[in-house]
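Colleague: Mind looking over this structure? Questions follow.
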Amino acid sequence: MGWLFLKVLLVGMAFSGFFYPLVDFSISGKTRAPQPNIVIILADDMGWGDLGANWAETKDTTNLDKMASEGMRFVDFHAAASTCSPSRASLLTGRLGLRNGVTHNFAVTSVGGLPVNETTLAEVLRQEGYVTAMIGKWHLGHHGSYHPNFRGFDYYFGIPYSNDMGCTDAPGYNYPPCPACPQRDGLWRNPGRDCYTDVALPLYENLNIVEQPVNLSGLAQKYAERAVEFIEQASTSGRPFLLYVGLAHMHVPLSVTPPLAHPQRQSLYRASLREMDSLVGQIKDKVDHVARENTLLWFTGDNGPWAQKCELAGSVGPFFGLWQTHQGGSPTKQTTWEGGHRVPALAYWPGRVPANVTSTALLSLLDIFPTVIALAGASLPPNRKFDGRDVSEVLFGKSQMGHRVLFHPNSGAAGEYGALQTVRLNHYKAFYITGGAKACDGSVGPEQHHVAPLIFNLEDAADEGMPLQKGSPEYQEVLQQVTRALADVLQDIADDNSSRADYTQDPSVIPCCNPYQTTCRCQPV
């Protein structure tokens, strides 16, 4: 307890004037070959079709499209889960939720987070001499030792969970709409369905709450400024750096102001998409100016769009999940349909990652952990197994060999949290459970357990509308391979050193800069 208190005290000292006074940029340790800088940008609830390079109907991602033309675009890239916390945990550990313990989202009142016996990417790289920063949405625990500053990040600036998990003074756009924070103590806003509590949304700098409620309309620019300043300082330090940016975009457009010109042609979601694209462009521009030759920039998303938000949700492109939509309910976020986990993905590293290349390799967010560790010349943490693989040969254009098999866990739809209920085998996909997620029209697909799984050939049916005939030789051959692959991975997980997250809830852990005020307000109205 004494050690933890001391670290909290040191990291949480107030910032006065300039940037990163507690980040040690000095060089120490042995001399070694240059290690690449790593910038990972993770969008929130962004659809595969929200990237213009993927989907011609999208015209709002000029910076990302330019990055695609200058780097590699992955068209068969998948989130490790179909909702926030599990996907982010897998990004930072290279392990599925059944191994790392994070199978569903953490709440504002969550006591726990990503289990502390799980080793994060930042912890590995910091041991290798990297200076590390995390900017944006964390959502892997905010209380005590689960905070980013205790999970390998020298610097943290952001909201510790989703940007809709607390009230603000200008709540932006949501469906259904949510009211603003009460303007004075003693008033209640009656949050209603699908809105969070009256506690104001906090913005942290390291362990300090610096705004509560946060001003969402200026948040994207604050994230860009912090990212740019970190890259600037780290690039002159002589040390390699890791920057992980968890965007507040896309989610729902809580930060955008109403479009003034041509509103019929400029949706709120598109305005938010352009704002996100500008933020990414600023980060890439800084990399180009100060660290272009030795920096890998990897952009992707945590899961697909949130269909129940209707016009405030993103585009799945051609991955409609038609079988599910005909049954009712959503085939996007929370589900194992393609719209729930197939996400945009780009890699950029001039001189190393070939330009204007489209990769069809079957890849996953799980692969970032082992790939980055290999590029840094580090070793994987011992005494545990990993679901991701080193795909640097794919990154460098030397191979199109990705995964043969991927497993898609339930992320809040029908079935148990974290259960591997869908299996991807080459271009085939087998569903053992379907239904359970809400669509825009309010319908929820019936929970259906398929003893003989639905199997789709994605080369012929990217829309997942027509499964294979169960009596066909093709179905029987795929079924045999899928059954064996699923049995093997479940046995492998059973034999692994797995963790279990603490999902206990306690109102006393809610972030609060002013416990004497009902909403924890520290900012004047």
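Each Cβ is built from the backbone N, Cα and C atoms, and glycine gets one as well.
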Colleague: For the Ca(2+) site that Swiss-Prot describes with D44, D45, D302, N303, which of these is also annotated: C84, C195?
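Modeller: Among the candidates, Swiss-Prot records only C84 at this Ca(2+) site.
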Colleague: In Swiss-Prot, K137, H251 are given as binding substrate, so which of S162, S235, S267 is in that site too?
Modeller: S162
Colleague: I need the neighbours of the Ca(2+) site defined by D44, D45, C84, D302, N303. Which other residues of that chain put their C-beta within 8 angstroms of the C-beta centroid, in sequence order?
Modeller: L42, A43, M46, A79, T83, S87, H251, G301, K333
Colleague: Between the recorded positions N303, N356, whose Cβ has more other Cβ atoms within 10 Å than any of the rest?
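Modeller: Neighbour-count leader: N303.
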Colleague: Enumerate the residues of the same chain, K137, S162, H251 excluded, that satisfy the criterion Cβ within 8 A of the mean position of the Cβ atoms of the recorded substrate site; list them in sequence order.
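Modeller: Filtered neighbour residues, in order: D44, D45, C84, H139, I159, Y161, N163, D164, M165, G246, A248.
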Colleague: Compile a sequence-ordered list of residues in the same chain as N215 (N-linked glycosylation site), six or more apart from it, whose Cβ lies below 8 A from its Cβ; state 'none' when nothing qualifies.
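Modeller: In sequence order, T168, D169, A170, Q523 meet the Cβ cut-off.
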Colleague: Of the recorded positions listed here (D44, D45, H139), which is spatially closest to N497 (N-linked glycosylation site) when Cα positions are compared?
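Modeller: Closest recorded candidate to N497 (N-linked glycosylation site) by Cα: H139.
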Colleague: Pick the one among the recorded positions S162, N497 whose Cβ has the fewest other Cβ atoms within 10 Å in this structure.
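Modeller: Counting other Cβ atoms within 10 Å of each of the recorded positions S162, N497, the minimum falls on N497.
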Colleague: Can you tell me which recorded positions out of C84, N117, K137, H139, S162, N356 are within 10 A of N303 (Ca(2+) binding site) by Cα, answering none if there aren't any?
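Modeller: Cα within 10 Å of N303 (Ca(2+) binding site): C84.
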Colleague: Given the recorded positions N117, K137, H139, S162, H251, N356, which lie within 10 A of D45 (Ca(2+) binding site) by CA-CA distance?
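Modeller: The recorded positions passing the 10 Å Cα test are H251.
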